[in-house]
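According to TrEMBL:
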- 21-41: transmembrane segment (TRANSMEM)
- 28-484: domain 'Major facilitator superfamily (MFS) profile' (DOMAIN)
- 76-95: transmembrane segment (TRANSMEM)
- 102-121: transmembrane segment (TRANSMEM)
- 127-148: transmembrane segment (TRANSMEM)
- 160-178: transmembrane segment (TRANSMEM)
- 198-217: transmembrane segment (TRANSMEM)
- 291-309: transmembrane segment (TRANSMEM)
- 329-350: transmembrane segment (TRANSMEM)
- 357-375: transmembrane segment (TRANSMEM)
- 395-418: transmembrane segment (TRANSMEM)
- 430-451: transmembrane segment (TRANSMEM)
- 457-480: transmembrane segment (TRANSMEM)
Amino acid sequence: MKNLLRMKATHHDEDVPKSVYGYRPYLLTFSAAWASAMYGYDSAFIGGTLALPSFKDAYGLTNATRAEAASLSSNIVSTFQGGAFFGSMFGFVLGERFGRKPVLLIATCVFCIGAILQLIGKIGLLYAGRALTGLGVGATSMILPIYISECAPPNIRGRLVGFFEVMLQSALVIGFWVNYGVNENVPASSSSQWHIPVALQLAPGAMLLLMVPLFTVESPRWLVSKGRNQDAQKALAWARNLPEDDLYLQHELRRIENGVNDELEIVGGSGSSTYVKIARELFCKGVRNRLIIGTWLMVLQNMTGINAINYYSPTIFRAIGYTGTSTGLLATGVYGIVKMAATIIYVIIIDRVGRRPLLLIGATGSAIAMFYLGIYCNLSNSLNATPKADAGARLAVGMVYVYAIFYGASWNGIPWLYTSEILPTRVRTLGMAFGVCIQWLSQFIVVYSLPYMITDIGYGTFIFFGTCTVIAFLFAYFLVPETKGVAIEDMGLLFGPDVSIIARKARRNWELNREEADAVVMRDLDKATKMEDEDDHVERV
């Protein structure tokens with residue numbers, strides 16, 4: 001009876017061994033999450049670096065016309081997104097063939113090579129370096145949420161995948177403030193003014209290459225999907241800090257094995273894991289709906305305008321009246337701190353409040369902020385002339401920070417978490433690669449277009465992003481079911497072929513059927529335990 005109670009508790013978070021939620025999952029996550037710090041720093045430093053006088057002199061931006069400057073800035077920034085698009089595909093191929101951990105290491109090496117090329121000071125090598133850093137970040141940004149999600153205990157999965165965003169935002173803040181620091185303290189005549197922020201890209205890459213080999217294991221779910229169940233048991237034992245024969249560990253491993261077997265049954269048997277077969281599985285009924293939801297979350301995340309602000313924040317602050325390189329960089333640095341604080345709040349509350357409520361609240365606040373910015377820019381004509389520093393201008397700056405709070409606590413991290421947790425193990429790498437490819441493609445479109453949007457449609461830029469955020473609210477309300485507390489192996493109860501696509505009905509289906517799913521796992525484990533006992537008895541006889 002005691003064993004049965006303990007096994008049942010694995011789903012409801014009662015009597016779970018303390019070590020499961022101990023330091024190991026956090027150490028593993030922290031070590032791997034340096035990959036998101038690479039992403040975050042690169043998202044932040046480039047916009048401020050483009051505004052540095054020394055960088056403008058080095059790359060001919062000082063005497064360029066407004067149109068020429070917009071074109072060159074777009075090319076420098078968006079080359080990174082282009083590389084990241086292909087990096088997502090690169091990450092899928094490696095992740096499916098060799099595992100999650102090798103992708104992190106190989107892609108980080110590529111990233112570091114790209115960062116070194118950017119230091120040389122030639123425009124061609126700058127483009128090549130940006131493309132290579134994008135290639136590395138594209139691969140790691142695809143594989144990291146998958147890896148953490150597959151290694152995390154269910155009831156802290158949201159928190160651990162949230163570290164992806166905490167590290168990203170922490171690095172983003174550093175990137176913003178490094179530019180402010182070098183602008184204030186390094187002479188504009190010195191190339192060190194722009195070399196320093198570019199060189200610091202190497203720091204998170206070096207930390208990942210140091211920590212991942214020492215403090216991580218391969219994903220147990222990936223190992224099971226490749227038939228390496230013994231290796232999976234060892235990896236899971238390390239991640240949970242439990243003996244390999246512990247009942248809780250055995251139960252979780254059995255759930256993983258059953259989940260993978262169920263996925264194979266849905267797609268008609270095992271067969272070889274060729275890319276064509278996996279792609280076919282991805283579009284099976286009960287899987288393609290997950291792909292569509294995850295992909296649209298990624299698209300809508302970008303269409304709220306976040307990467308426009310991340311990459312061109314000094315330009316945005318100039319658009320609402322904050323002129324001067326130093327002033328724009330200072331306001332940008334404060335924006336980064338506010339966004340990081342909101343992300344920390346997100347990590348704390350995500351597994352308590354849930355994904356869906358945060359998406360809805362975040363979209364509401366973000367839309368209000370964007371609409372105000374559009375109205376203010378129209379009424380004040382701030383895009384064509386320096387407006388008065390009145391209450392309206394101060395409120396406009398405040399709305400950028402309001403946007404950072406609402407977005408940072410919701411749409412900033414949830415699309416990455418949600419997409420990584422809802423896809424079946426067997427197709428997770430390809431599904432995530434597809435979603436991240438679309439994410440980088442939509443990000444490319446936004447960051448490439450923004451300088452032209454500011455120039456050509458002015459205040460309509462903010463109205464456009466506000467309208468897209470309203471669409472994001474409606475999408476989440478009707479089609480995104482809550483996944484809080486749902487084990488990865490039980491996602492079929494939310495997204496299965498016979499489950500309603502309406503969010504509330506799908507959640508209700510999981511609530512009605514989760515006890516039955518637990519009972520099946522316990523019966524299987526009971527049967528396996530009895531067979532082992534019988535084998536032991538025969539051996540003794």
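Every residue gets a Cβ built from N, Cα and C, even glycine.
What TrEMBL says about a protein is an automatic prediction, not a curated fact.
Simply put, out of 76-95, 127-148, 291-309, 357-375, 395-418, 395-418 has the most Cβ pairs sitting under 8 Å from the transmembrane segment (329-350). Ranked by number of Cβ pairs under 8 Å to the transmembrane segment (160-178), the listed stretches 102-121, 127-148, 395-418, 430-451 are led by 395-418. The stretches the transmembrane segment (127-148) and the transmembrane segment (430-451) meet in space: the count of Cβ pairs below 8 angstroms, excluding pairs fewer than 6 apart in sequence, reaches at least three.
As a quick check, the transmembrane segment (291-309) and the transmembrane segment (102-121) miss the bar of 3 or more Cβ pairs under 8 A, pairs 6 or more apart, so the two do not touch. Between the transmembrane segment (357-375) and the transmembrane segment (395-418), the number of CB pairs under 8 angstroms, six or more residues apart, is three or more, so the stretches are in contact. Residues 104, 107-108, 111, 133, 136-137, 140-141, 143-144, 147-148, 151-153, 155-156, 160, 163-172, 174-175, 200-201, 203-205, 207-208, 211-212, 214-217, 238-241 of the same chain, all 6+ positions outside the transmembrane segment (21-41), place their C-beta atoms under 8 angstroms from a C-beta of that stretch. When Cβ distances are compared across the two stretches, the transmembrane segment (76-95) makes no contact with the transmembrane segment (395-418), since fewer than 3 pairs at least 6 residues apart fall below 8 angstroms. Only residues 6 or more beyond the boundaries of the transmembrane segment (198-217), in the same chain, are considered here, and those with a CB under 8 A from a CB of the stretch are 27-28, 30-32, 34-35, 37-38, 41-42, 45, 49, 101, 104-105, 108-109, 111-112, 115-116, 118-119, 133, 136, 151, 171, 174-175, 178, 234-235, 238-239.
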